[in-house]
Amino acid sequence: MSTPGAQQVLFRTGIAAVNSTNHLRVYFQDVYGSIRESLYEGSWANGTEKNVIGNAKLGSPVAATSKELKHIRVYTLTEGNTLQEFAYDSGTGWYNGGLGGAKFQVAPYSRIAAVFLAGTDALQLRIYAQKPDNTIQEYMWNGDGWKEGTNLGGALPGTGIGATSFRYTDYNGPSIRIWFQTDLKLVQRAYDPHKGWYPDLVTIFDRAPPRTAIAATSFGAGNSSIYMRIYFVNSDNTIWQVCWDHGKGYHDKGTITPVIQGSEVAIISWGSFANNGPDLRLYFQNGTYISAVSEWVWNRAHGSQLGRSALPPA
């Protein structure tokens, strides 16, 4: 059965999430094309037609990144398949960001990933999307306008894109990791400040369904060490997790939780193994009330379990 609230959520909606520790924000699209915000501040709230931050092409991807919750950026596509940005700054509230004015044209089936560069107080953004020629393009904000960055080469048309940024404690600048599909492989490209973009593609999974959702997070950055978790929807209609752990590389791959076919996925994390963490939160659609967004939780105390079965407005 459904609920009136769940019926407002687009089936296979794009999903994005940001956080400052356990203060959570989740973004999704409603059936009218509006992008809504649900929030967790001790309990779940919002997600109604009063919590719309902007409008996008129906079926648009939704990506988000934040500096804590003081600065939030949400990315979607316009009807004309150009990138657009909804921005929140504490003290200002929501407004239309500058990216839309750049009129960056992307493929109509492009997905989006977004990161604030880690380890700096400056608001530096990197957006990843697929151009009409099916290459993955980086778009950069360094405070002086939006510009095209590095082109990361060809990818499967309509590939999911996951990205994360972190800062090794012994490196002078942020690192970036991005994941997408070439043919059916899931691959990683890497950027480190002393090397730039490494030319090689690292395969993390040999065969995944075409256009599967991809989401990624990182935590526990240390001296040339990082922990990363990458998620995608496999052909068994469950979310799979691929782990990168310091000293082990990519090692642990396995199923997490069932989803609807074609579900999108968002992941957030906080804390680290060194400090009795991390905490992981995964957002997806698994058929609860047909189209509600659901939550999966991992923490050290309880391990893997389902969290909130249906986020507001469901």
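The backbone N, Cα and C atoms fix where each Cβ goes, glycine too.
For the alpha-L-fucose 6 site, Swiss-Prot lists TRP44, GLU295; matching the candidates ARG25, ARG281 against that entry yields ARG281. Per Swiss-Prot, alpha-L-fucose 2 is bound by ARG73, GLU85, TRP146; the candidate from GLY59, GLY98, GLY158, GLY160 named for the same site is GLY98. The record from Swiss-Prot ties ARG126, GLU138, TRP197 to alpha-L-fucose 3, and of the options THR150, THR182, THR212 it ties THR150 to that site too. Among the binding-site residues GLU85, THR150, GLN188, ARG229, the ones whose Cα sits within 10 Å of the Cα of ASP245 (Zn(2+) binding site) are ARG229, in sequence order. Same-chain residues that are not part of CYS243, ASP245, HIS251 yet have a Cβ within 8 Å of the Cβ center of the Zn(2+) site turn out to be TYR227, TRP244, LYS248, GLY249, TYR250, ASP252. Rounded to the nearest whole angstrom, the C-alpha distance between TRP146 (alpha-L-fucose 2 binding site) and ARG126 (alpha-L-fucose 3 binding site) is 10. Distance between Cα atoms for HIS251 (Zn(2+) binding site) and GLN241 (alpha-L-fucose 5 binding site): 10 Å, as a whole number. For the pair formed by GLU85 (alpha-L-fucose 2 binding site) and ARG126 (alpha-L-fucose 3 binding site), distance between Cα atoms is given as 12 Å, rounded to the nearest Å. Close to ARG229 (alpha-L-fucose 5 binding site), meaning Cα to Cα within 10 A, are the following binding-site residues out of GLY98, THR150, ARG177, CYS243: CYS243.
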